[in-house]
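Per TrEMBL, the features are as follows:
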- B:K96: active site, proton donor (ACT_SITE)
- B:16-256: domain 'Orotidine 5'-phosphate decarboxylase' (DOMAIN)
There are 2 protein chains.
Amino acid sequence: MNTEQLFENIKRKGSYLCVGLDTDIRKIPRYLLDATDPVFAFNKEIVDATADVAVAYKPNLAFYEMLGVQGWSSLEKTVNYIRYNHPDIFIIADAKRGDIGNTASMYARAFFDHLDFDAVTVAPYMGEDSVKPFLTYLDRWIVLLALTSNKGAFDFQFMEDKATGEKLFEKVLKTSSQWGTTENMMYVVGATKAEELAGIRQIIPNHFLLVPGVGAQGGSLSEVSKYGMNEQCGLLVNSSRAIIYASDGEDFAEKARENALKVAAEMKEILKLNKLI
Amino acid sequence: MNTEQLFENIKRKGSYLCVGLDTDIRKIPRYLLDATDPVFAFNKEIVDATADVAVAYKPNLAFYEMLGVQGWSSLEKTVNYIRYNHPDIFIIADAKRGDIGNTASMYARAFFDHLDFDAVTVAPYMGEDSVKPFLTYLDRWIVLLALTSNKGAFDFQFMEDKATGEKLFEKVLKTSSQWGTTENMMYVVGATKAEELAGIRQIIPNHFLLVPGVGAQGGSLSEVSKYGMNEQCGLLVNSSRAIIYASDGEDFAEKARENALKVAAEMKEILKLNKLI
């Protein structure tokens, strides 16, 4: 999927919602545990209930790897299910990988060839050759960690460069934006720091940003959109727990849809306000 | 495994060799492709041929994830095989994970509960809460990326802190060494920069270091050992391709053993020179 197609989907649905499929087998409704593949059964219902109001899904790999072979199988089934039944959806592997060139190529194959993800999240610590191998796939993306929304973000990401005064996350944005284009790179920018988005938009005005942390982690959608939105929307705002765990009963998918609709309705207003729809 | 046990194994074997199981299905001897699980068949032979001269094995996850469910199954079988047949071996998941607390806990479960790894490599970019959940397991370790051996290491790891003049990798060492102890944290330090090891040893004199890049990547074992060795050895030096791909014929395991023996013989001399054996 390219930027134009993604923006078309956002306009058509009036939504830039990404639903995080952080499916924890210990948190899904208990009756699903009787299914052959409880995690896939849960994801399937969540996806079918929300696919018309979400533009992206983002399984976090940790939740699948925790279950070993079975988890990896649930992940494959989930990606394939979304791809075939909801082909307009952008699918992000939240894997936060990052390794040297040769190995990065393997990860690219894992996520783009073997699995059919549109994008994979990547950590910047190891630099250019850990990122480049992902950028050789047409219409596939990396989403590079820049500024994360957790407390630990303050340990290193705000360190200031002696030479330029830039913070590490700013240097990551500036340096890495030269490695690819706005057609194969997005960035993770934490929502609990909405005011930073203005500065980030000065460095990378045109890239799409994946904003985690709206919902359970407490970010404000209107703040994030105010500082982060650009002419092609430029935002995918993620919500995981607030949507997928809206209920732990048999109505979990219905309640997930209700919560997704609430977020999407707010997004529609913001898109209108910004004259994008 | 704790430091004392690891050091005991190093002394007994006269070796601090870690064999990287970067098993690429496209590079293993072709006749193995007839096996039910070619990757596991390859690993099993490599392990049996080298377990008396190696103290650690390090499968790189990318090579297994590239094969999806089948790859994850090969990985599980490999870890279990090593654990049961060579219980004195330290097994490292080269996964370079790093995610927020909740998710980091999932990865810890994946590698320490579901799989029976002794250690997992972790990236530092997201800070303390992405590391801490791994440190709650007794006798399990994280190996944190500090200074990597690839070209991209220069993109961010050498950035100097405006406030202290420290380079980013030095700040990572200093800050993170407060999060755990020498009994649950090791560091990845790239071998192509042996001279940096002296400075690193001033910051973390007692931690074990995992040094990649000796062998195919061209680091010098004697240089690395000169600057990096401490009173409990303090080094695990990794070699992957030079050992596991020593031959692509039916003698691959035999040739792997020959190359492992060469490295181990050199290590034995260095351990003697340093009066550790």
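Every residue gets a Cβ built from N, Cα and C, even glycine.
Bear in mind that TrEMBL entries carry predicted annotations, made automatically and left uncurated.
Taking Cβ-Cβ distances under 8 Å and a sequence separation of 6 or more, the neighbours of B:K96 (active site, proton donor) in its chain are B:T121, B:V122, B:A123, B:L145.
Under DSSP, B:K96 (active site, proton donor) is assigned to a strand (E or B) in the three-state scheme.
Taken together, the residues in the domain 'Orotidine 5'-phosphate decarboxylase' (B:16-256) have a mean pLDDT of 94 on the 0 to 100 scale.
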